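These come from Swiss-Prot:
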type	residues	note
CARBOHYD	N268	N-linked glycosylation site
CARBOHYD	N467	N-linked glycosylation site
TRANSMEM	14-34	transmembrane segment
TRANSMEM	67-87	transmembrane segment
TRANSMEM	96-116	transmembrane segment
TRANSMEM	120-140	transmembrane segment
TRANSMEM	162-182	transmembrane segment
TRANSMEM	186-206	transmembrane segment
TRANSMEM	288-308	transmembrane segment
TRANSMEM	315-335	transmembrane segment
TRANSMEM	342-362	transmembrane segment
TRANSMEM	379-399	transmembrane segment
TRANSMEM	416-436	transmembrane segment
TRANSMEM	443-463	transmembrane segment
Amino acid sequence: MTVLTREKKPYFGLTGGWLTFWVTVACATDMSLFGYDQGVFSGVVITRDFLEVHDLVGPEKTKTLSTVTAIYDVGCFFGAIVAFTIGEQLGRKKAILLGTTIMAIGAVLQAASFSLAQMFVGRIILGIGNGINTATAPIWQTETSQLKWRGKLVIFEMMMNIFGFCLVNWINYGLSFVGGSIAWRFPLAFQFFFLIILWSTTPWLPESPRWLIAHGRQEEATVVLSCLEAKPIDDPFVIAQRNEIEFSVRYERENSMRWRDLCQKKGNDSKTLRRLLLGAGSQFMQQFGGINIMSYYLPTVLMDSVGLSDTMARLLAACNALSYLVFSGLAVLLVERIGRRGLMLLSTFGQFLCFLIITILLRFSRISDNGEKFASASVAFFFLYYGAFGIGMLGVPWLYPTEINSLPMRTKGAAVATATDWITNFVVVEITPIGIKNIDWKFWIVWTVTNAAFLPILYFLYPETANRSLEDMDEYYRSNPALVVTKDPDAICRRRPQKYLQREEEEIERAAAAVDKRALSVGAVEHAEWTNAMGNKS
């Protein structure tokens, strides 16, 4: 058992904002690597040397090429399942270290590949590691962040995801002038830059206090909470936080549901299944909003659908990544002001509008004498699509499952959401080259319709999680809320509802009273001992 002392200074003496900063460095590095991996193959698959080495030259190889690209997402899906099955036992830190080590093996296999089979295996292994990490990092960040910073920091992670995506697009563009094997081997090997940072930071950072309490390690959790808040371990606020987490853990254990119960739709009063589906649904909508048509294939799309040259397609993809980074940065500023619901609605509407206009322009480019001008005009809306996606549907679907699910279900819920993301990602990446080749401009109608369909789902079914503690969401679902959230003003308002503020104040007052009572008791005992000692001397 850990012995707590005031003199003990874990985490190199870092507390408060600085400790949160270093947790964010680790989580943001993980998400930067995720973004890097999303973009790296867009340049690899149009590199002549890569295609020749792996016997992928020619239109008859389109199906194989789409599969070797998409198989990474299958690996990510199974990685999320691994996180779902053993992540709760390992803890947040160990799960990330496991995922990082697996990714290193996959990166070596890819960068050193001389056969299609080796590339397949490397991409699957890399995906497994990434699936573990992407299912875990947002939870770790969420559970170690103060309420006022939680949303901003997770969205910042996704901004760093786009930094990785932006970086690799410029690397791909620069290496296109070099040619040869280095044009694709170097970008694949550069993943070790991120992996080394993860190995260097994660081991010494704090474990999630919520995970520690859920596994009976209350003393360690109290130390972590006091360090994260930069307060003494007996501070009323720290004690109140610990008590709230303990209550949520006890409540969920008393009312917990097995997976069999979820599938049989047996009810319980914390709405576990509904919360699980809302979190997974946000990831489903992210992928079928069409983003990974662009992330994996933008140069291909610009060459095949718009008619641009290889060099111009790579350059525009790199420039687009910069604007994408700017819009993802705006989300950090807006996520608490507009809320999770507002950003998802705004983002999805923007995506719908962009795909609608892209569809119309590409249709006219096929039937008009000025077809080239219509095709060129569509490029602007590919850029704007990234902007619309970046301000909302980029980050919120990664944040939402970590907030909406209860503590005992948080790892499982985030893993199910991540698995949903990756299996739908695989579908999108697999069908894109085939769809563009076979149905041309009509392919874009599909994504126009899906985005339009998501708008009423988001508006009527998704409650707001901004400016709520994780325990607030547990209390909300214990109140047996209606399925349609627009009926309850507290469910959709951006500010923290008054009833949760009042409950927190009462808990702090009780904790302070308990501390005072304990201090008085200790003082009385010390006084009695001193009196007895003086009496004995007499």
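Cβ atoms are placed via backbone N, Cα and C, with glycine included.
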Quiz item: Should the transmembrane segment (288-308) and the transmembrane segment (342-362) be scored as in contact, given a threshold of at least 3 Cβ pairs under 8 Å and pairs 6 or more apart?
Solution: yes
Practice problem: Decide whether the stretches the transmembrane segment (96-116) and the transmembrane segment (162-182) have at least 3 CB pairs under 8 angstroms, with pairs required to be 6 or more apart in sequence. | Solution: no
Quiz item: Of the listed stretches 120-140, 379-399, 416-436, which one has the most C-beta pairs under 8 A with the transmembrane segment (14-34)?
Solution: 120-140
Quiz prompt | Recorded stretch that, among 67-87, 162-182, 342-362, 416-436, has the most CB pairs under 8 Å to the transmembrane segment (120-140) | solution = 67-87
Quiz prompt | Listed stretch, out of 67-87, 186-206, 342-362, that has the most CB pairs under 8 angstroms to the transmembrane segment (416-436) | solution = 67-87
